[in-house]
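Encoded as structure tokens, the structure appears first; notes follow it.
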């Protein structure tokens, strides 16, 4: 770690939740904003909890009790309502483990079915070329349209769940998406296929955007990291499973069965969605208030203001971060998007390799994605091992949270969480060169297949590290836009790769086409080490961190002056929290 690293130890209970700290190697003008305590996870598996002495705890409980004694005739802000007690049975975190795990697996399976639908379609490419008399590139653009639809998830998911809750979004978006999937299967021309593919992805995207939020609603700090890490596996496993299932279906029944399988996978979740209770706290509080006769203050912001706020958080600010203002977001989003896009490029490259070189049938070619699937599984194991045994080994007091001399938790620097990315950055070019120069008739097919294992590991390790770096670099309201920018970059870039991969592998030949990707990966390999050196300086100079720090200062001044809290600030923070908790897994 360089001398410019920022000391990020933050205390709890005695200091304000938000504070600005300076880069030790710079003047006081290089201040960065540190998020609220509840918004900074130490990692995907650990998160500090506030420390209170007994006296403070009694005062907090007394304040909590008085806060719930509302005058039924006096409207109250929704944000002022809270659980009745730590054991409140309506709090999703107090539900039985069985119930929480069923909901968790339902959310995970929904994401798996949505992402599996992207690659299932590719298995029917050659059959559709014959049936529709279309070129391979035109047929493959069906994958492109689907991914573009998925990229718009944050635009729909966060505001809809904020207004209606999680369950109603699942209950509407999944069935509507399924109708468009059915429409694809019943299409008689390629143009209707392409249009319907876009809308099937578009209406499935809210599921992807809020599923992570459902998980964070359910689990306590101790379990959240483990469940989220395992849960993040689903959106990556879905695209890998698609060719494995789709290849055999197309060989036996034709391309339409890729859509029927997608419908079946989504249909399995519908009974569980109907059973699933609401988990979003704001929605639960709103319903509870209605039952108890408590009047909620009506928002002063009109529909126009609300739509403008959504547009800023989900579109304008992410685009601004991605193309102009934020080097951290630009570089890390492009890096993670490149790795993600290679995965979708492989859906076209693998048939060229295994059908063209090894004369495998299309159904057997789908099985070659097992190598990447094994790599994804190993990536989860490696990340959890690093997190548990290197980032957070057991402390003398039996906990895994390191503490300072004053006994307060130490918030790690973002740069200290780059080890998984370093491992992934090394594995990525190795896997691509491995595949490039073993995919030939004189070498057994197991050799290029095995190259998928380190690729799958690198995909997951780089993604998790980028996620953690963002979470430790930005406050909630900026984190939401940063994750939206990353999501947009990943899906848009991935949507383009299928359009040129086939031509690239045929014209450059397999060895040099895969080597081209490997050389790009090699050029990007220093990124984790560069961020370890220059990351603190970049975070200190972040335009958006400075902007939020100034807004926070003004908010505190209004609070001290006794002015009413700005409704737009409250709503934007609620939306941002919904987005940041949800998008972290897509």
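Yeah, the Cβs are placed from backbone N, Cα and C, and that goes for glycine too.
These numbers come from a predicted model, not from an experiment.
Feature annotation from TrEMBL assigns compositional bias 'Polar residues' to 1-11. Per TrEMBL, the feature compositional bias 'Basic and acidic residues' maps to 12-22. For 81-90, 560-570, the entry in TrEMBL reads compositional bias 'Acidic residues'. Residues annotated as domain 'Major facilitator superfamily (MFS) profile' in TrEMBL: 103-538. Summarising the annotation, TrEMBL assigns region 'Disordered' to 1-91, 554-586. The transmembrane segment annotation in TrEMBL covers 101-122, 134-156, 168-188, 194-216, 228-251, 257-280, 328-352, 364-386, 418-437, 449-471, 477-500, 512-531.
The compositional bias 'Acidic residues' (81-90): residue composition by secondary structure is 0 helix, 0 strand, 10 coil, according to DSSP. Remote same-chain residues near the transmembrane segment (257-280) are listed as 92, 102-103, 106, 109-110, 112-114, 116-117, 120-121, 123-124, 161, 165-167, 170-171, 174-175, 177-178, 181-182, 184-185, 213-214, 217-218, 245-246, 249-250, 287, 578 (criterion: CB distance under 8 Å, separation of at least six residues from the stretch ends).
Per-stretch counts of Cβ pairs under 8 Å to the transmembrane segment (512-531) identify 328-352 as the leading one among 194-216, 328-352, 364-386, 449-471.
Long-range contacts of the transmembrane segment (364-386) within its own chain (CB-CB distance under 8 A, at least 6 residues past either end) are made by residues 44-45, 123, 226, 229-230, 233, 236-237, 240-241, 243-248, 343, 346, 350-351, 354-355, 419-420, 423-424, 445, 449-461, 464. Most Cβ pairs under 8 Å to the transmembrane segment (134-156), among the stretches 101-122, 168-188, 194-216, 228-251, belong to 194-216. Across all of the domain 'Major facilitator superfamily (MFS) profile' (103-538), the predicted model scores a mean pLDDT of 88.
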